[in-house]
């Protein structure tokens, strides 16, 4: 059994290249038809329409990428697998448990010896012959692979619920033009949207399915699909919580946040109004302090892309006025640093001020530099500081300053600095 980026495949596929070249089958099984329809919607990112809306549009030819072909072939091959009976599930589960027990004994022996044990040492610890150990390992490995491959439909069905909500957003945006408003539960779903590809979700769900196959005990009386659903959902939810945010939140905080969103939407549907924090906290069986703390953490860890639009309405308005030029958050935030043009003007002003000051005598030039912060330290000095530095009375410093300023007010010198008045 080969393992591709979409999860474990049956034995008929041994590589990604053979997966992409799989024959096309026109019909699908009913339980996987929603997955195929939604997958086609995701490939059409510019249209953003659900399958029902695509049926009313003129059909168009879309380029088939290798990723789409591989994913489609993967789903079609899974459809060919037969479901297992309860007896087959019990038999495969027992063989899988025997395989896991043998591997656990090998790990314990490896930790005890500090090295990889030989087959003889392993078989001696188990109490059977080497040939019997090899047969049980091979039988258990094949049983686990068949048990996992036969239940990949369950992984696809669960992973399809956690796909990115971009298609849902685009669909409701197009429907809003016809007077349809987005329900509150759809808005809550969009608040939890992520940008994880469906193939990654299937991969994580397949790992959860493998874990379920290794831990399933048929003697408990539960169906394998019921038991595996929890492990698959846990693996996918963990993947979403770890990769859907730029700043990651702990898993227990993510679970509580998901519960708050779900309960808030339910209360809003029942009460016909936005619920208060006290009502949501009581429905979630948590204190008001904890609810506010969790929502505060979620708000503080939210990130925005400077290249993204501030909101859809502003983006549409700007595009209608300016053509194809996009409006981004970065374009409306005031910069805190000087622009290159402002820096150039300031440097030109410094050079012209230096040129004007060179027309004054040394003492007058230095007093003006220090008095108005034109020196290297750019800190204005008081007349008392200048008096102590030049060993002159304070009134003398003021007279020298006044005389120097009168010289600079001459029309021939003032004209050089008049254009910089707006910069200061």
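Cβ atoms are placed via backbone N, Cα and C, with glycine included.
The model shown is predicted, which means the values in this text are computed figures rather than measured ones.
Database features (TrEMBL):
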type	residues	note
REGION	38-63	region 'Disordered'
COMPBIAS	38-47	compositional bias 'Acidic residues'
DOMAIN	200-213	domain 'RNA polymerase sigma-70'
>> Give me the DSSP three-state residue breakdown of the domain 'RNA polymerase sigma-70' (200-213), ordered helix, strand, coil.
In response: 14 helix, 0 strand, 0 coil
>> What residues elsewhere in the chain lie close to the domain 'RNA polymerase sigma-70' (200-213), defined as a C-beta under 8 angstroms and at least 6 residues from its ends?
In response: 5-8, 93, 96, 144, 147-148, 151-152, 154-156, 158-159, 162-163, 224, 227-228, 230-236, 238-240, 243
>> Limited to the domain 'RNA polymerase sigma-70' (200-213), I'd like the whole-number average of pLDDT.
In response: 90
